[in-house]
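Below: one structure, written as C-alpha coordinates.
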Amino acid sequence: LRLLLTTSVLRLARAANPFVAQQTPPDPCYDESGAPRRCIPEFVNAAFGKEVQASSTCGKPPTRHCDASDPRRAHPPAYLTDLNTAANMTCWRSETLHHLPHNVTLTLSLGKKFEVVYVSLQFCSPRPESTAIFKSMDYGKTWVPYQYYSSQCRKIYGKPSKATVTKQNEQEALCTDGLTDLYPLTGGLIAFSTLDGRPSAQDFDSSPVLQDWVTATDIRVVFSRPHLFRELGGREAGEEDGGAGATPYYYSVGELQVGGRCKCNGHASRCVKDKEQKLVCDCKHNTEGPECDRCKPFHYDRPWQRASAREANECLACNCNLHARRCRFNMELYKLSGRKSGGVCLNCRHNTAGRHCHYCKEGFYRDLSKSITDRKACKACDCHPVGAAGKTCNQTTGQCPCKDGVTGLTCNRCAKGFQQSRSPVAPCIKIPAINPTSLVTSTEAPADCDSYCKPAKGNYKINMKKYCKKDYVVQVNILEMETVANWAKFTINILSVYKCRDERVKRGDNFLWIHLKDLSCKCPKIQISKKYLVMGISENSTDRPGLMADKNSLVIQWRDAWTRRLRKLQRREKKGKCVKP
(Lines of atoms letter the chains of each structure in order from A and count residues from 1; the text may use other names and numbers.)
(Lines give C-alpha, C1' and ligand atoms only; values in the text may rest on other atoms or scores of the structure.)
Protein backbone atom coordinates (compact mmCIF):
# COMPACT_ATOMS: atom_id res chain seq x y z
CA LEU A 1 0.00 0.00 0.00
CA ARG A 2 2.81 2.38 0.91
CA LEU A 3 4.52 1.65 -2.44
CA LEU A 4 1.28 2.34 -4.33
CA LEU A 5 0.88 5.67 -2.53
CA THR A 6 4.46 6.67 -3.36
CA THR A 7 3.95 5.78 -7.04
CA SER A 8 0.73 7.78 -7.16
CA VAL A 9 2.40 10.82 -5.61
CA LEU A 10 5.22 10.67 -8.17
CA ARG A 11 2.75 10.46 -11.05
CA LEU A 12 0.83 13.47 -9.73
CA ALA A 13 4.09 15.44 -9.32
CA ARG A 14 5.16 14.66 -12.88
CA ALA A 15 1.76 15.64 -14.22
CA ALA A 16 1.86 18.94 -12.32
CA ASN A 17 5.46 19.67 -13.26
CA PRO A 18 6.75 17.97 -16.45
CA PHE A 19 10.26 19.16 -15.59
CA VAL A 20 10.40 16.58 -12.78
CA ALA A 21 10.29 13.79 -15.35
CA GLN A 22 12.78 15.50 -17.68
CA GLN A 23 15.53 16.33 -15.20
CA THR A 24 18.95 15.36 -16.51
CA PRO A 25 20.41 12.48 -14.50
CA PRO A 26 23.73 13.22 -12.79
CA ASP A 27 26.85 12.66 -14.89
CA PRO A 28 28.59 9.48 -13.65
CA CYS A 29 31.95 11.04 -14.52
CA TYR A 30 31.60 13.64 -11.72
CA ASP A 31 30.64 13.31 -8.07
CA GLU A 32 28.06 15.38 -6.18
CA SER A 33 30.52 18.24 -5.69
CA GLY A 34 31.46 18.32 -9.38
CA ALA A 35 34.86 16.70 -8.89
CA PRO A 36 35.92 14.29 -11.67
CA ARG A 37 35.93 10.56 -11.02
CA ARG A 38 36.42 7.40 -13.06
CA CYS A 39 33.46 6.38 -15.19
CA ILE A 40 32.94 3.42 -17.52
CA PRO A 41 30.33 2.54 -20.16
CA GLU A 42 27.76 -0.14 -19.43
CA PHE A 43 28.56 -3.81 -19.93
CA VAL A 44 27.13 -5.04 -23.25
CA ASN A 45 27.20 -7.90 -25.72
CA ALA A 46 29.37 -6.09 -28.26
CA ALA A 47 28.57 -8.69 -30.92
CA PHE A 48 24.80 -8.16 -30.87
CA GLY A 49 23.49 -7.04 -34.25
CA LYS A 50 26.97 -6.87 -35.76
CA GLU A 51 27.84 -8.42 -39.11
CA VAL A 52 29.87 -11.64 -39.07
CA GLN A 53 31.98 -12.73 -42.03
CA ALA A 54 31.98 -16.52 -42.44
CA SER A 55 34.44 -18.31 -44.72
CA SER A 56 31.86 -21.04 -45.34
CA THR A 57 28.05 -20.98 -45.23
CA CYS A 58 25.67 -23.65 -46.45
CA GLY A 59 22.86 -23.11 -48.97
CA LYS A 60 24.81 -22.23 -52.10
CA PRO A 61 24.14 -24.48 -53.92
CA PRO A 62 21.00 -25.63 -52.07
CA THR A 63 20.99 -28.98 -50.31
CA ARG A 64 18.30 -31.06 -48.70
CA HIS A 65 18.90 -29.40 -45.31
CA CYS A 66 20.03 -25.89 -46.31
CA ASP A 67 18.85 -23.43 -48.95
CA ALA A 68 20.07 -19.79 -48.83
CA SER A 69 17.15 -18.65 -50.98
CA ASP A 70 14.52 -20.10 -48.61
CA PRO A 71 14.26 -18.19 -45.28
CA ARG A 72 12.85 -21.31 -43.60
CA ARG A 73 15.89 -23.41 -44.51
CA ALA A 74 18.62 -20.70 -44.62
CA HIS A 75 21.39 -20.56 -41.99
CA PRO A 76 23.22 -17.24 -42.66
CA PRO A 77 25.98 -15.70 -40.44
CA ALA A 78 23.47 -13.04 -39.30
CA TYR A 79 21.93 -15.74 -37.09
CA LEU A 80 25.10 -15.69 -34.97
CA THR A 81 24.40 -12.23 -33.53
CA ASP A 82 20.63 -11.90 -33.70
CA LEU A 83 18.24 -12.15 -30.75
CA ASN A 84 18.20 -15.76 -29.61
CA THR A 85 16.01 -17.39 -26.99
CA ALA A 86 15.84 -20.92 -25.67
CA ALA A 87 12.56 -21.39 -27.51
CA ASN A 88 13.80 -19.87 -30.76
CA MET A 89 17.45 -20.61 -31.43
CA THR A 90 18.56 -19.65 -34.94
CA CYS A 91 21.75 -21.27 -36.18
CA TRP A 92 24.47 -20.50 -38.68
CA ARG A 93 25.78 -23.55 -40.48
CA SER A 94 28.87 -24.14 -42.57
CA GLU A 95 29.01 -26.06 -45.80
CA THR A 96 29.32 -29.80 -45.46
CA LEU A 97 32.98 -30.71 -45.11
CA HIS A 98 33.83 -33.81 -47.13
CA HIS A 99 37.60 -33.39 -46.99
CA LEU A 100 39.63 -32.80 -43.83
CA PRO A 101 41.40 -30.89 -42.46
CA HIS A 102 39.27 -27.90 -43.46
CA ASN A 103 39.36 -24.64 -41.46
CA VAL A 104 36.21 -22.53 -41.17
CA THR A 105 36.58 -18.95 -39.96
CA LEU A 106 34.13 -16.51 -38.35
CA THR A 107 35.27 -12.86 -38.24
CA LEU A 108 33.45 -10.23 -36.21
CA SER A 109 34.26 -6.51 -36.40
CA LEU A 110 33.26 -4.59 -33.25
CA GLY A 111 33.65 -1.22 -34.99
CA LYS A 112 35.70 0.21 -32.13
CA LYS A 113 38.11 -0.78 -29.41
CA PHE A 114 36.39 -2.73 -26.64
CA GLU A 115 37.69 -4.12 -23.37
CA VAL A 116 36.60 -7.73 -23.77
CA VAL A 117 35.63 -9.75 -20.70
CA TYR A 118 34.54 -12.95 -22.43
CA VAL A 119 33.94 -14.60 -25.82
CA SER A 120 31.33 -17.37 -25.93
CA LEU A 121 29.91 -19.67 -28.61
CA GLN A 122 26.81 -21.82 -28.24
CA PHE A 123 26.71 -24.68 -30.74
CA CYS A 124 23.86 -26.29 -32.64
CA SER A 125 26.23 -29.07 -33.73
CA PRO A 126 28.78 -30.95 -31.64
CA ARG A 127 31.60 -28.70 -30.46
CA PRO A 128 34.75 -28.81 -32.65
CA GLU A 129 37.63 -30.90 -31.48
CA SER A 130 39.99 -27.96 -32.04
CA THR A 131 39.09 -24.26 -31.96
CA ALA A 132 41.26 -21.12 -31.95
CA ILE A 133 40.18 -17.61 -30.95
CA PHE A 134 42.14 -14.59 -32.23
CA LYS A 135 41.84 -10.86 -31.68
CA SER A 136 42.90 -7.77 -33.59
CA MET A 137 43.64 -4.36 -32.09
CA ASP A 138 44.02 -2.55 -35.42
CA TYR A 139 40.74 -3.31 -37.18
CA GLY A 140 41.86 -6.57 -38.77
CA LYS A 141 45.29 -5.58 -40.06
CA THR A 142 47.11 -7.93 -37.70
CA TRP A 143 45.93 -10.79 -35.51
CA VAL A 144 47.22 -12.28 -32.26
CA PRO A 145 46.12 -15.55 -30.59
CA TYR A 146 43.64 -15.18 -27.72
CA GLN A 147 42.86 -18.79 -26.72
CA TYR A 148 43.14 -22.37 -28.04
CA TYR A 149 40.88 -25.36 -27.36
CA SER A 150 41.97 -28.86 -28.41
CA SER A 151 42.25 -32.39 -27.10
CA GLN A 152 45.62 -32.44 -28.90
CA CYS A 153 47.07 -29.02 -27.99
CA ARG A 154 50.67 -29.78 -28.81
CA LYS A 155 49.90 -31.61 -32.04
CA ILE A 156 47.43 -29.08 -33.44
CA TYR A 157 48.68 -25.76 -32.01
CA GLY A 158 52.16 -26.52 -30.67
CA LYS A 159 51.08 -25.56 -27.13
CA PRO A 160 51.06 -27.55 -23.88
CA SER A 161 47.59 -28.34 -22.58
CA LYS A 162 48.29 -27.24 -19.01
CA ALA A 163 50.59 -24.21 -18.90
CA THR A 164 51.22 -22.26 -15.71
CA VAL A 165 50.22 -18.61 -15.94
CA THR A 166 52.64 -16.11 -14.36
CA LYS A 167 53.06 -12.34 -14.57
CA GLN A 168 55.69 -12.95 -17.22
CA ASN A 169 53.35 -14.79 -19.62
CA GLU A 170 49.88 -13.57 -18.64
CA GLN A 171 49.50 -11.82 -22.00
CA GLU A 172 50.01 -15.06 -23.95
CA ALA A 173 47.33 -17.33 -25.39
CA LEU A 174 46.90 -20.69 -23.61
CA CYS A 175 45.62 -24.02 -24.84
CA THR A 176 43.18 -26.16 -22.86
CA ASP A 177 41.69 -29.58 -23.52
CA GLY A 178 38.49 -28.58 -21.73
CA LEU A 179 35.28 -27.70 -23.61
CA THR A 180 36.27 -30.00 -26.47
CA ASP A 181 34.11 -33.01 -25.68
CA LEU A 182 31.88 -34.45 -28.35
CA TYR A 183 28.89 -34.34 -26.07
CA PRO A 184 26.42 -32.72 -25.87
CA LEU A 185 25.72 -33.15 -29.56
CA THR A 186 23.83 -29.84 -29.53
CA GLY A 187 23.77 -26.89 -27.14
CA GLY A 188 27.42 -27.24 -26.18
CA LEU A 189 29.25 -24.10 -25.04
CA ILE A 190 32.73 -22.63 -25.39
CA ALA A 191 33.31 -19.64 -23.10
CA PHE A 192 36.66 -17.86 -22.87
CA SER A 193 37.24 -15.42 -19.99
CA THR A 194 40.04 -12.98 -20.84
CA LEU A 195 41.12 -12.36 -17.22
CA ASP A 196 40.46 -15.74 -15.64
CA GLY A 197 43.64 -17.05 -14.01
CA ARG A 198 45.70 -13.95 -14.89
CA PRO A 199 47.77 -12.93 -11.80
CA SER A 200 47.41 -9.15 -12.29
CA ALA A 201 43.63 -9.24 -12.71
CA GLN A 202 43.14 -8.19 -9.07
CA ASP A 203 45.05 -4.96 -9.74
CA PHE A 204 43.84 -4.36 -13.29
CA ASP A 205 44.17 -0.54 -13.02
CA SER A 206 47.91 -0.89 -12.46
CA SER A 207 48.55 -3.43 -15.21
CA PRO A 208 49.09 -1.91 -18.67
CA VAL A 209 49.83 -5.45 -19.91
CA LEU A 210 46.34 -6.73 -19.05
CA GLN A 211 44.70 -3.49 -20.18
CA ASP A 212 46.27 -4.16 -23.55
CA TRP A 213 45.41 -7.87 -23.36
CA VAL A 214 41.64 -7.30 -23.06
CA THR A 215 41.55 -4.66 -25.83
CA ALA A 216 40.17 -5.73 -29.21
CA THR A 217 38.57 -4.22 -32.30
CA ASP A 218 37.85 -7.57 -34.01
CA ILE A 219 37.36 -11.18 -32.94
CA ARG A 220 38.10 -14.18 -35.14
CA VAL A 221 37.12 -17.78 -34.39
CA VAL A 222 38.80 -20.56 -36.38
CA PHE A 223 37.32 -24.06 -36.26
CA SER A 224 40.35 -26.20 -37.06
CA ARG A 225 39.08 -29.76 -36.69
CA PRO A 226 35.70 -31.37 -36.04
CA HIS A 227 35.13 -34.45 -33.94
CA LEU A 228 35.57 -37.66 -35.90
CA PHE A 229 32.91 -40.21 -35.06
CA ARG A 230 35.17 -43.11 -34.09
CA GLU A 231 33.24 -43.52 -30.88
CA LEU A 232 30.03 -43.94 -32.87
CA GLY A 233 31.40 -46.59 -35.23
CA GLY A 234 32.64 -44.25 -37.95
CA ARG A 235 35.53 -45.11 -40.24
CA GLU A 236 39.05 -44.59 -38.95
CA ALA A 237 41.00 -45.20 -42.10
CA GLY A 238 40.85 -42.39 -44.60
CA GLU A 239 38.97 -40.02 -42.28
CA GLU A 240 41.63 -37.37 -41.98
CA ASP A 241 42.92 -37.69 -45.48
CA GLY A 242 39.49 -37.28 -46.99
CA GLY A 243 39.12 -40.80 -48.30
CA ALA A 244 36.24 -41.73 -50.53
CA GLY A 245 34.27 -43.16 -47.63
CA ALA A 246 34.88 -40.25 -45.25
CA THR A 247 31.92 -39.19 -43.14
CA PRO A 248 30.58 -35.66 -43.92
CA TYR A 249 30.92 -33.00 -41.19
CA TYR A 250 29.82 -29.41 -40.65
CA TYR A 251 29.96 -26.72 -37.96
CA SER A 252 26.85 -24.98 -36.66
CA VAL A 253 26.70 -22.17 -34.09
CA GLY A 254 23.55 -20.62 -32.62
CA GLU A 255 25.05 -17.63 -30.84
CA LEU A 256 28.32 -15.70 -30.75
CA GLN A 257 28.68 -13.30 -27.82
CA VAL A 258 31.48 -10.86 -26.96
CA GLY A 259 30.87 -9.43 -23.51
CA GLY A 260 32.68 -6.23 -22.63
CA ARG A 261 32.70 -2.48 -22.46
CA CYS A 262 33.44 0.25 -24.92
CA LYS A 263 37.10 1.16 -24.24
CA CYS A 264 37.14 4.75 -22.92
CA ASN A 265 40.01 4.53 -20.42
CA GLY A 266 37.79 5.63 -17.52
CA HIS A 267 36.94 9.01 -19.07
CA ALA A 268 33.44 8.32 -20.47
CA SER A 269 30.24 6.68 -19.25
CA ARG A 270 28.85 5.89 -22.69
CA CYS A 271 29.64 5.47 -26.36
CA VAL A 272 27.75 7.33 -29.09
CA LYS A 273 27.83 7.51 -32.87
CA ASP A 274 29.64 10.43 -34.48
CA LYS A 275 28.72 12.26 -37.70
CA GLU A 276 30.09 9.37 -39.75
CA GLN A 277 28.01 6.90 -37.71
CA LYS A 278 31.14 5.47 -36.12
CA LEU A 279 31.06 4.43 -32.49
CA VAL A 280 33.13 6.76 -30.26
CA CYS A 281 33.38 7.54 -26.57
CA ASP A 282 31.46 10.52 -25.19
CA CYS A 283 34.61 11.84 -23.53
CA LYS A 284 34.77 13.85 -20.30
CA HIS A 285 37.64 15.05 -18.08
CA ASN A 286 38.97 17.30 -20.90
CA THR A 287 39.90 14.27 -23.01
CA GLU A 288 39.14 13.43 -26.64
CA GLY A 289 39.66 10.73 -29.25
CA PRO A 290 37.74 7.52 -30.09
CA GLU A 291 38.91 6.01 -26.78
CA CYS A 292 39.40 9.29 -24.83
CA ASP A 293 43.06 8.47 -25.29
CA ARG A 294 44.47 11.99 -25.49
CA CYS A 295 44.01 15.39 -23.89
CA LYS A 296 42.01 18.13 -25.55
CA PRO A 297 44.00 21.03 -27.04
CA PHE A 298 45.30 23.47 -24.40
CA HIS A 299 44.91 20.82 -21.66
CA TYR A 300 48.53 19.69 -21.57
CA ASP A 301 49.59 20.73 -18.06
CA ARG A 302 50.18 17.07 -17.24
CA PRO A 303 50.44 13.95 -19.41
CA TRP A 304 47.37 11.97 -20.39
CA GLN A 305 46.65 9.03 -18.09
CA ARG A 306 43.98 6.39 -17.83
CA ALA A 307 41.53 6.98 -14.98
CA SER A 308 41.65 4.61 -12.01
CA ALA A 309 39.48 3.94 -8.99
CA ARG A 310 41.78 6.18 -6.94
CA GLU A 311 42.40 9.01 -9.42
CA ALA A 312 40.32 10.44 -12.27
CA ASN A 313 43.54 11.71 -13.89
CA GLU A 314 41.65 14.39 -15.78
CA CYS A 315 43.58 16.54 -18.25
CA LEU A 316 44.41 19.98 -16.86
CA ALA A 317 44.40 23.25 -18.78
CA CYS A 318 47.69 25.12 -19.14
CA ASN A 319 48.02 28.23 -16.98
CA CYS A 320 48.56 31.02 -19.52
CA ASN A 321 46.80 33.84 -17.65
CA LEU A 322 44.31 34.22 -20.53
CA HIS A 323 47.08 35.39 -22.89
CA ALA A 324 47.56 32.25 -25.04
CA ARG A 325 45.38 29.76 -26.91
CA ARG A 326 47.97 27.03 -27.42
CA CYS A 327 50.46 25.21 -25.23
CA ARG A 328 52.63 22.10 -25.21
CA PHE A 329 53.78 19.60 -22.61
CA ASN A 330 57.37 19.46 -21.32
CA MET A 331 58.29 16.33 -19.39
CA GLU A 332 61.44 17.82 -17.82
CA LEU A 333 59.50 20.75 -16.35
CA TYR A 334 56.82 18.33 -15.19
CA LYS A 335 59.37 16.25 -13.29
CA LEU A 336 61.06 19.35 -11.82
CA SER A 337 57.70 20.54 -10.50
CA GLY A 338 57.18 17.31 -8.59
CA ARG A 339 54.87 15.99 -11.32
CA LYS A 340 52.40 18.83 -10.89
CA SER A 341 52.75 21.06 -13.95
CA GLY A 342 54.44 20.65 -17.32
CA GLY A 343 52.52 23.01 -19.60
CA VAL A 344 54.39 25.61 -21.66
CA CYS A 345 52.34 28.39 -23.26
CA LEU A 346 52.88 29.15 -26.96
CA ASN A 347 52.56 32.50 -28.76
CA CYS A 348 51.75 34.66 -25.73
CA ARG A 349 49.61 37.65 -26.68
CA HIS A 350 48.95 41.10 -25.21
CA ASN A 351 52.70 41.86 -24.97
CA THR A 352 53.34 39.08 -22.42
CA ALA A 353 56.04 36.40 -22.34
CA GLY A 354 57.22 33.46 -20.26
CA ARG A 355 56.18 29.86 -19.72
CA HIS A 356 52.84 31.00 -18.27
CA CYS A 357 52.66 34.37 -20.12
CA HIS A 358 53.24 35.76 -16.63
CA TYR A 359 55.56 38.69 -17.32
CA CYS A 360 55.85 41.46 -19.90
CA LYS A 361 57.92 41.02 -23.01
CA GLU A 362 60.90 43.22 -23.84
CA GLY A 363 59.88 46.85 -24.33
CA PHE A 364 56.93 46.63 -21.92
CA TYR A 365 56.42 46.78 -18.16
CA ARG A 366 53.73 45.66 -15.70
CA ASP A 367 50.84 47.96 -14.92
CA LEU A 368 50.40 46.95 -11.28
CA SER A 369 46.96 48.54 -11.16
CA LYS A 370 45.69 45.69 -13.37
CA SER A 371 45.57 41.94 -12.89
CA ILE A 372 48.10 39.83 -14.81
CA THR A 373 45.12 38.30 -16.64
CA ASP A 374 44.04 41.71 -17.96
CA ARG A 375 44.65 42.38 -21.66
CA LYS A 376 46.31 45.68 -20.73
CA ALA A 377 48.48 44.30 -17.93
CA CYS A 378 51.61 45.34 -19.86
CA LYS A 379 52.33 48.94 -20.86
CA ALA A 380 54.82 50.10 -23.47
CA CYS A 381 58.07 51.46 -22.03
CA ASP A 382 57.93 54.44 -24.44
CA CYS A 383 61.60 55.24 -23.81
CA HIS A 384 62.75 58.53 -25.35
CA PRO A 385 64.57 57.80 -28.63
CA VAL A 386 67.40 60.23 -27.79
CA GLY A 387 67.53 60.34 -23.99
CA ALA A 388 67.29 56.59 -23.36
CA ALA A 389 70.16 54.13 -23.74
CA GLY A 390 67.79 51.42 -24.99
CA LYS A 391 64.17 50.50 -25.58
CA THR A 392 63.91 48.06 -22.67
CA CYS A 393 62.72 49.34 -19.32
CA ASN A 394 62.48 47.89 -15.83
CA GLN A 395 59.54 45.47 -16.04
CA THR A 396 58.36 46.41 -12.55
CA THR A 397 58.80 50.20 -12.41
CA GLY A 398 58.86 51.08 -16.11
CA GLN A 399 62.08 53.08 -15.65
CA CYS A 400 64.00 53.37 -18.92
CA PRO A 401 67.83 53.19 -18.92
CA CYS A 402 68.90 56.83 -19.26
CA LYS A 403 72.06 58.21 -20.80
CA ASP A 404 74.47 60.21 -18.64
CA GLY A 405 72.89 63.42 -17.39
CA VAL A 406 69.36 62.39 -18.45
CA THR A 407 66.51 61.72 -16.01
CA GLY A 408 62.78 60.99 -15.99
CA LEU A 409 60.79 57.75 -16.27
CA THR A 410 61.16 57.78 -20.04
CA CYS A 411 64.52 59.67 -20.02
CA ASN A 412 62.94 62.80 -21.48
CA ARG A 413 64.77 65.62 -19.62
CA CYS A 414 68.19 66.62 -18.33
CA ALA A 415 69.10 65.92 -14.73
CA LYS A 416 69.96 68.68 -12.27
CA GLY A 417 73.37 70.15 -13.05
CA PHE A 418 73.09 69.23 -16.75
CA GLN A 419 71.89 71.16 -19.74
CA GLN A 420 70.56 70.11 -23.12
CA SER A 421 72.98 69.76 -26.00
CA ARG A 422 72.52 69.22 -29.71
CA SER A 423 74.21 65.82 -29.69
CA PRO A 424 72.02 62.68 -29.88
CA VAL A 425 74.90 60.71 -28.36
CA ALA A 426 75.15 62.94 -25.25
CA PRO A 427 71.87 64.88 -25.17
CA CYS A 428 72.59 66.33 -21.73
CA ILE A 429 75.99 67.77 -20.80
CA LYS A 430 77.27 68.98 -17.46
CA ILE A 431 76.89 72.70 -16.86
CA PRO A 432 80.36 74.34 -16.95
CA ALA A 433 81.79 75.85 -13.75
CA ILE A 434 80.51 79.38 -13.06
CA ASN A 435 82.64 82.36 -11.97
CA PRO A 436 81.29 83.24 -8.51
CA THR A 437 81.58 86.98 -9.16
CA SER A 438 79.24 86.82 -12.14
CA LEU A 439 76.39 85.02 -10.33
CA VAL A 440 73.76 86.88 -8.39
CA THR A 441 73.28 84.71 -5.34
CA SER A 442 71.81 87.23 -2.95
CA THR A 443 68.10 86.96 -2.28
CA GLU A 444 68.01 90.68 -1.65
CA ALA A 445 66.92 92.89 -4.53
CA PRO A 446 69.54 95.27 -6.05
CA ALA A 447 69.28 98.92 -5.04
CA ASP A 448 68.15 100.12 -8.48
CA CYS A 449 65.15 97.75 -8.80
CA ASP A 450 62.60 100.55 -8.40
CA SER A 451 63.96 102.36 -11.44
CA TYR A 452 64.66 99.12 -13.30
CA CYS A 453 61.18 97.56 -13.27
CA LYS A 454 57.93 97.35 -11.45
CA PRO A 455 56.58 93.95 -10.30
CA ALA A 456 53.34 92.80 -11.93
CA LYS A 457 50.16 93.47 -9.99
CA GLY A 458 47.86 90.63 -8.97
CA ASN A 459 44.78 92.17 -10.59
CA TYR A 460 46.29 92.34 -14.04
CA LYS A 461 43.73 92.51 -16.84
CA ILE A 462 44.21 90.82 -20.21
CA ASN A 463 42.92 92.62 -23.28
CA MET A 464 43.20 92.19 -27.04
CA LYS A 465 45.90 94.83 -27.43
CA LYS A 466 48.27 93.23 -24.92
CA TYR A 467 47.50 89.76 -26.31
CA CYS A 468 48.39 90.82 -29.84
CA LYS A 469 51.72 92.42 -28.80
CA LYS A 470 53.12 89.11 -27.51
CA ASP A 471 54.68 86.32 -29.57
CA TYR A 472 53.52 83.57 -27.26
CA VAL A 473 50.85 83.10 -24.59
CA VAL A 474 51.06 79.87 -22.58
CA GLN A 475 49.97 78.31 -19.31
CA VAL A 476 52.90 76.61 -17.58
CA ASN A 477 53.71 74.63 -14.46
CA ILE A 478 57.12 75.47 -12.91
CA LEU A 479 58.94 72.21 -12.10
CA GLU A 480 62.48 73.18 -11.05
CA MET A 481 65.17 75.83 -11.43
CA GLU A 482 68.91 75.94 -11.93
CA THR A 483 71.33 78.77 -12.66
CA VAL A 484 73.40 78.96 -15.82
CA ALA A 485 75.82 81.93 -15.90
CA ASN A 486 73.66 85.05 -15.41
CA TRP A 487 70.47 83.23 -16.21
CA ALA A 488 67.87 81.27 -14.27
CA LYS A 489 66.83 78.19 -16.22
CA PHE A 490 63.37 76.90 -15.25
CA THR A 491 62.18 73.46 -16.27
CA ILE A 492 58.52 73.93 -17.10
CA ASN A 493 55.62 71.87 -18.35
CA ILE A 494 53.50 73.73 -20.91
CA LEU A 495 49.89 72.88 -20.09
CA SER A 496 48.11 75.00 -22.73
CA VAL A 497 49.19 77.08 -25.73
CA TYR A 498 46.93 80.09 -26.45
CA LYS A 499 49.25 81.82 -28.90
CA CYS A 500 52.50 80.89 -30.56
CA ARG A 501 54.51 82.22 -33.49
CA ASP A 502 57.18 79.57 -32.99
CA GLU A 503 56.25 76.02 -34.03
CA ARG A 504 58.65 74.63 -31.43
CA VAL A 505 56.42 75.80 -28.60
CA LYS A 506 54.18 72.81 -27.89
CA ARG A 507 52.55 71.20 -24.92
CA GLY A 508 54.97 69.21 -22.79
CA ASP A 509 58.30 69.78 -21.08
CA ASN A 510 60.35 72.84 -22.05
CA PHE A 511 62.60 75.55 -20.57
CA LEU A 512 61.95 79.15 -19.50
CA TRP A 513 64.97 81.47 -19.29
CA ILE A 514 64.93 84.64 -17.12
CA HIS A 515 67.88 86.93 -16.43
CA LEU A 516 68.96 86.79 -12.80
CA LYS A 517 68.67 90.57 -12.37
CA ASP A 518 65.03 90.46 -13.52
CA LEU A 519 64.39 87.59 -11.14
CA SER A 520 66.11 89.37 -8.24
CA CYS A 521 63.92 92.44 -8.78
CA LYS A 522 60.89 90.13 -8.90
CA CYS A 523 60.22 91.09 -12.47
CA PRO A 524 58.76 88.53 -12.74
CA LYS A 525 58.11 86.83 -9.40
CA ILE A 526 58.12 83.01 -9.71
CA GLN A 527 57.74 80.11 -7.29
CA ILE A 528 58.45 76.42 -7.90
CA SER A 529 55.42 74.08 -8.28
CA LYS A 530 53.08 76.95 -9.18
CA LYS A 531 51.12 77.50 -12.38
CA TYR A 532 51.57 80.74 -14.34
CA LEU A 533 50.31 82.58 -17.37
CA VAL A 534 53.35 83.63 -19.39
CA MET A 535 53.11 86.20 -22.21
CA GLY A 536 56.37 87.20 -23.88
CA ILE A 537 58.46 87.87 -26.98
CA SER A 538 60.28 85.03 -28.77
CA GLU A 539 64.07 85.27 -28.93
CA ASN A 540 66.07 82.70 -30.86
CA SER A 541 69.18 81.60 -28.99
CA THR A 542 71.26 78.50 -29.65
CA ASP A 543 72.65 78.64 -26.10
CA ARG A 544 69.27 78.96 -24.44
CA PRO A 545 66.66 76.68 -26.12
CA GLY A 546 63.10 77.29 -24.99
CA LEU A 547 61.13 80.40 -23.99
CA MET A 548 62.58 83.74 -22.85
CA ALA A 549 60.99 86.10 -20.30
CA ASP A 550 62.17 89.47 -18.99
CA LYS A 551 60.90 92.54 -17.13
CA ASN A 552 58.61 93.36 -20.06
CA SER A 553 57.04 89.90 -20.13
CA LEU A 554 53.86 89.08 -18.29
CA VAL A 555 54.31 86.24 -15.77
CA ILE A 556 51.40 86.06 -13.34
CA GLN A 557 49.95 83.25 -11.26
CA TRP A 558 47.32 81.33 -13.15
CA ARG A 559 43.59 81.71 -12.65
CA ASP A 560 41.13 79.22 -14.10
CA ALA A 561 38.78 82.08 -14.96
CA TRP A 562 41.22 83.19 -17.69
CA THR A 563 40.68 80.08 -19.81
CA ARG A 564 37.47 81.29 -21.38
CA ARG A 565 38.87 84.81 -21.98
CA LEU A 566 42.04 83.50 -23.61
CA ARG A 567 40.15 81.13 -25.91
CA LYS A 568 38.03 84.06 -27.05
CA LEU A 569 41.13 86.14 -27.81
CA GLN A 570 42.61 83.15 -29.63
CA ARG A 571 39.55 82.90 -31.88
CA ARG A 572 39.63 86.62 -32.64
CA GLU A 573 43.31 86.39 -33.59
CA LYS A 574 42.54 83.61 -36.06
CA LYS A 575 39.96 85.91 -37.66
CA GLY A 576 42.68 88.52 -38.25
CA LYS A 577 41.79 90.92 -35.43
CA CYS A 578 45.41 91.28 -34.29
CA VAL A 579 47.32 94.17 -35.87
CA LYS A 580 51.05 93.63 -35.97
CA PRO A 581 52.75 96.24 -33.72
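All positions are counted from 1 along the displayed chain.
Backbone N, Cα and C define each Cβ position, glycine as well.
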Consult Swiss-Prot and report which candidate among CYS383, CYS414 shares a disulfide bond with CYS400.
CYS383
Looking at Swiss-Prot, which of CYS348, CYS360 bridges to CYS357 via a disulfide?
CYS348
Can you tell which of CYS283, CYS295 Swiss-Prot lists as bonded to CYS292 through a disulfide?
CYS283
From the candidates CYS381, CYS393, CYS428, select the one that Swiss-Prot records as forming a disulfide bond with CYS414.
CYS428
Pick from CYS281, CYS315: the cysteine that Swiss-Prot pairs with CYS295 in a disulfide bond.
CYS315
According to Swiss-Prot, which candidate among CYS378, CYS393 shares a disulfide with CYS381?
CYS393
Between ASN540 (N-linked glycosylation site) and CYS468 (disulfide bond): CA-CA distance (Å)
19
ASN103, CYS281, CYS318, CYS345, CYS400, CYS449 screened against ASN394 (N-linked glycosylation site), Cα within 10 Å - retained recorded positions
CYS400
Entries of CYS91, ASN103, CYS320, CYS327, CYS414, CYS428 which, being recorded positions, have CA atoms within 10 angstroms of CYS357 (disulfide bond):
CYS320
Long-range neighbours only, meaning 6 or more apart in sequence with Cβ under 8 Å: which ones does CYS411 (disulfide bond) have?
CYS383, HIS384, GLY387, ALA388, ALA389, CYS400, PRO401, CYS402, LYS403
Might you confirm whether the domain 'NTR' (449-578) is in contact with the domain 'Laminin EGF-like 3' (381-430), defined here as three or more C-beta pairs under 8 A between residues 6 or more apart in sequence?
yes
